[in-house]
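A.B. asks: My questions all concern the structure below.
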Amino acid sequence: MPNWGGGKKCGVCQKAVYFAEEVQCEGSSFHKSCFLCMVCKKNLDSTTVAVHGEEIYCKSCYGKKYGPKGYGYGQGAGTLSTDKGESLGIKYEEGQPHRPTNPNASKMAQKVGGADGCPRCGQAVYAAEKVIGAGKSWHKSCFRCAKCGKSLESTTLADKDGEIYCKGCYAKNFGPKGFGFG
């Protein structure tokens, strides 16, 4: 078909696109009515489009088709899905059972069932109660100054020899000594 009007060709329908109806994306032109996700047919704009080669998708469908796979990806918080992506042209293959990437985990991780051990009490620290300070995982209740027992935050702590202190106790015990200090 001849391109009488001289407009660019739409990346979807291949018909002429004129200025008033043109949407540009990565060097291609589209009719506003053709600028739709190839899977779910949602209208797209510059903030929702994801391009793969010559194909355009909404970010959700793009993530399902080309994004990372596994727990925590593409389904939103708190949901699990049994959708394996067959509707998107993804071929699902049963894989080998999961094997840990590091079969020689540290002794501490083996001792407390895979969770980090708290440096203060030695018990397992699970995600719901974890506070990280001085490069270690602590229970919220153990994340206190070793001298005065004051509750700490990551911005108010100082560490020395694997122990954590409030800035006041650290200055008194390990800071400079003499006239004008402390």
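Just so it is clear, glycine is given a Cβ too, placed from its N, Cα and C backbone atoms.
In TrEMBL, annotation is done automatically, which means it is predicted and not curated.
Under the heading domain 'LIM zinc-binding', TrEMBL lists 8-68, 116-176.
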A.B. asks: How many of the residues that make up the domain 'LIM zinc-binding' (116-176) does DSSP mark as helix, as strand and as coil?
C.D. replies: 11 helix, 22 strand, 28 coil
A.B. asks: DSSP-wise, what's the residue breakdown of the domain 'LIM zinc-binding' (8-68) into helix, strand and coil?
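C.D. replies: DSSP classes over the domain 'LIM zinc-binding' (8-68) add up to 11 helix, 23 strand, 27 coil.
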